[in-house]
Amino acid sequence: MWLKLCFLLLYFLVLFVLARVFEAVVWYETGFFATQLVDPVALSFRKLRTILECRGLGHSGLPEKKDVRELVEKSGDLMEGELYSALKEEEASESVSSTNFSGEMHFYELVEDTKDGIWLVQVIANDRSPLVGKVHWEKMVKKVSRFGIRTGTFNCSSDPRYCRRRGWLKSTLIMSVPQTSTSKGKVMLKEYSGRRIEVEHIFKWITAHAASRIKTIYSSEHLREEWNRSDQYRVKIYLFASLDQPPAFFSALSVKFTGRVEFIFVNVENWDNKSYMEEIGISKTPSYILRTPEGIYRYGSNAGEFLSLRAMDSFLRSLQPEVNDLFVLSLVLVNLMAWMDLFITQGATIKRFVVLISTLGTYNSLLIISWLPVLGFLQLPYLDSFYEYSLKLFRYSNTTTLASWVRADWMFYSSHPALFLSTYLGHGLLIDYFEKKRRRNNNNDEVNANNLEWLSSLWDWYTSYLFHPIASFQHFPFDSDWDEDPDLFLERLAFPDLWLHPLIPTDYIKNLPVWRFKCLGVHSDEETLETLQDSESDSDSENKEVFGSEKDTSEDDEPNAFQRPGEGEPRCRAGTIPCATRCCPGERCERKARSYGSYSTAEEPDWSAWPPEMLHCTECVVCLEHFERGCLLMGLPCGHVFHQSCIVMWLAGGRHCCPVCRWASYKKKQPYTHPQPPSSDSPS
């Protein structure tokens, strides 16, 4: 998980650097930055009109370019980035969808139950033509959709009873606006009563009703009173301008942030005395001033702070987020991090997608489960101070220059989704390349596995886990009881508890201490080594003879590496691994008897060769035989000692505990300390 998080942070860093590279390229080609101000005098009439439409100001009664330019200047400063975005939005001929209501419940759920948005609905009466024609309605839908206003059509033929109850006996336009200034308040439906059906007149009617919800200040005394008043709103945004009404994007945002941010319009058109504005730090108009408990912030002074609905919406969301905003952000980040598994996982394609689906399900489930207690804690009354401190931290961090760059990059990449997806894919392919190279250097075979091989290995793992829920027996022979008696399988099915044993890997066995059993004063090291080499050469020659006599044995007998005692053949078949690792518990191998000398109880074992935490003993409780000189011993964490071959087969059989004390063989234990023996001379 941490690896994927690091890769995701690296990807965001790449996006940040790439955005700066794009800015440098634009500056090199055009000679200006996105935050550079534009002089409206140098713009054409079409561009000025486009800016007014994006800001939501009516210009139908302004035929002269001079009047249009003055209206642009009165509404706020114009940046190169805003001009570029407005022109691109005008060129884009994307069709905006409009909702067709099927009846009363559909209308109630979407319109009357929506408390933080504006709806414009065209009602078509029975056997009547619509008030706005199809062409003009499409223009209206496209015009109001850029300000977050949703549109729909309600045909009374689908629910005539509801139309009669509402009094919709003729075709009309209905606008829904929240009635109160509190979050989740009542919705007020207003009907268009104008005689002119042009798009501009209907739009003026919409913006006038939306602007009526904004508190308007017309005098400096009223401004002083409002500025010094403290109420429920911690965040307020003021618009100081010489306009008849605020722009449509400003009014639409006041509806969207109902209950979170208070929007105030200060009309300074007829002010003679502006001294109080200078006292509070307002030196020029128009100005968009954000007032918080931490101070005053002038909107438009950093990158990406354009006078548009989308730019100001992202700015206010970062300052005063809802819980839903944080949940959506965490959901996007978690899924981006989970999709990294598609590139980190190596091997077959099917394996990649199986791991990806598993990761997506796991991460999203954990995210939803982790959000449930958070939502519960936020409802507690004594966490109000924690909530306020969290919002204070958001306001401090998101009014910095770095935060403005991040918001500008977010708006850029969200408006160019193809670029975002292509960079994510390129980043993932680079991760896949380096991960594949790293695993090839480590000689990992799963890199070259194809789909069939991986599915086969998956089936083998599943069946191994289903029938024998222990690790693989690749180093030890295992004859399954299912092959001899199929009734054992049915018997195990009758007891579901037997399937629930944990899956414990056997990798810990190779880390257990191993040493040879020695006695004091019997042979020197050179003699012992010589004896072992001679015995091994003798046993090798005997094994070759046995192998020659068994050449005609069928392939079905090859897995049997052992022979029953008393059959006149050696215990261990030749050509296999040494007897020290292949002999079964309870059987004594003749090769072991030839290789190692017999141990007499009169001889004193060399305890100095034993690990200090092991208990001293001379007998293996698995095979019930004494230790012989030169035989391999293995100790468990509990301190008990056994023949290596005996205890390995015991553990590999699924019994991961000591045969004596039942202590877990993979679990550490407090080491045993031997008492210091009295000093005595060693026997010669």
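Just so you know, glycine gets a Cβ as well, placed from its N, Cα and C.
Whatever TrEMBL says is automated annotation, not expert-curated.
Looking at the stretches 3-21, 326-344, the one that TrEMBL records under the feature transmembrane segment is 326-344. Annotated by TrEMBL as transmembrane segment, the relevant range among 410-431, 454-475, 498-519 is 410-431. Residue counts for the domain 'RING-type' (620-662) under DSSP, split into helix (H, G, I), strand (E, B) and coil, are 9 helix, 11 strand, 23 coil. Sequence-distant contacts of the transmembrane segment (410-431), counting only residues of its own chain at least 6 positions beyond either end whose CB sits under 8 Å from a CB of the stretch, comprise 7, 10-11, 14-15, 18-19, 22, 85, 304, 310-311, 314, 336, 339-340, 342-344.
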